[in-house]
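What follows is a set of notes on a single structure, which appears directly below.
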């Protein structure tokens, strides 16, 4: 009797079971899009190449493998060195796995059969990678659709599938990329369940960090705690990106935590902490930023800046719905920040006039948010016909699209006091005229505040995936050891 167990991925214990049907549905969605594309011939086949193991420079020390995202989206395969082929007409899938030498069993473990991989990944067929040319020849596809296109965040070109004998086939490398990218922009219900999970575990880890932080600790101790919680409780071997654990003036360094600034400052009394960290499960990302006082109590200045950012974050989320243009949300956040900075006396004058000279970008030079999925900066931000706006702040937006249901984005407004940008503004008469320099001096070593939420656009608004303490009262209570659940923000005005 055939097994009725549906294949799924899980790391056991309480970790999420992800059905392999998620990837079968993705392949189906891709084929449906391709069949509607008039440029796609009958009997076409998609060919995707998975990632390969890499070593540290010239050594034999392996870097922990993480699957290439397009390949993972279509097949959910965790092993390296694989290929995948999808028959566009029928949707049937073939996974090609490496033919491993006998020595593999000595050093790396059991050599699994093709039937093992067929059951594990719920594909229609499994063959070896050294047979890909002969298998495709026997099927006689009219054209092989390979993946080649530019990632609009990095500017890098994705790797196109290549194998010995591919030159014998008719190959098209222009059709597939925009179609599969557009599929990745819109998440299925099964994908959303995984993103809810990554957010839940990462949110819990952020709360643990809030409760544990103490003056005198190193920033990297909080990074370590976050990673430990995500891995031990959530099965997250990887984080979605390098953890950014800023304290004090470091909170004005947008991408702190790199090798030259490795989260190594000692946290001091009176510091604001800005911790931007997200766990990754089965290649699905999360991206959450929490800002809070190191000693557990906001000063008046910290509270003023924090609540300004919280107001912009929640106003944006309340405004989000299908049809909204994302650059308008960035401009809305800028307006609120400038209104609040004027309210506390740091700026004076007409907010409309401030916006005309792009003063908002002095305090928030990055974009308001980005797509999220299998990559922390997920693909699809600038498809053909969507142009980047060449203005301060807005040019850093990772998408300028109109919102649609199923899109998952971050909402991450921030106010930072970056000396380099402040000095430039003060040297520009068009911007300097708005500053109260005496009040500004008070904030020169403040650092910054960022609040980052992960949300999915729904038919009527948005669903908030992140669940961490957000109000001043919730944060102070959490840091004092009160483990009450935060009140979820509904997005209702």
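Backbone N, Cα and C atoms are what each Cβ position is placed from, and that goes for glycine too.
The feature dipeptide binding site is assigned by Swiss-Prot to 255, 287, 377, 398, with similarity to another entry given as support. Here Swiss-Prot flags 276, 287, 452 as Mn(2+) 1 binding site. Per Swiss-Prot, Mn(2+) 2 binding site is recorded for 287, 370, 412, 452. The feature N-acetylalanine is assigned by Swiss-Prot to 2. Residues or ranges marked as phosphoserine in Swiss-Prot: 167.
Structure with Swiss-Prot features highlighted.
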residue	record	DSSP (3 states)
167	phosphoserine	helix
255	dipeptide binding site	coil
276	Mn(2+) 1 binding site	strand
287	dipeptide binding site	coil
370	Mn(2+) 2 binding site	coil
377	dipeptide binding site	coil
398	dipeptide binding site	coil
412	Mn(2+) 2 binding site	coil
452	Mn(2+) 1 binding site	strand
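The two recorded residues, residue 287 (dipeptide binding site) and residue 276 (Mn(2+) 1 binding site), show a Cα separation of 7 Å.
Annotation for the binding-site residues 255, 370, 377, 398: lowest Cβ count within 10 Å of the residue's own Cβ, 255. Put simply, of the binding-site residues 370, 377, 398, 412, 452, the one whose Cα is nearest the Cα of the residue listed as 'phosphoserine' is 377.
Within 10 Å of the C-beta of residue 452 (Mn(2+) 1 binding site) there are 23 other C-beta atoms, taking all protein chains into account. Each of the binding-site residues 276, 287, 412 was scored by the number of other CB atoms within 10 Å of its CB, and the largest score is that of 287. Among the binding-site residues 255, 377, 398, 452, the ones whose Cα sits within 10 Å of the Cα of residue 412 (Mn(2+) 2 binding site) are 452.
The number of other CB atoms found within 10 A of the CB of residue 167 (phosphoserine), across every protein chain shown, is 9. Across the fold, the C-alpha of residue 255 (dipeptide binding site) and the C-alpha of residue 276 (Mn(2+) 1 binding site) stand 9 Å from each other. Among the binding-site residues listed (276, 370, 452), 370 has its Cα nearest to the Cα of residue 398 (dipeptide binding site).
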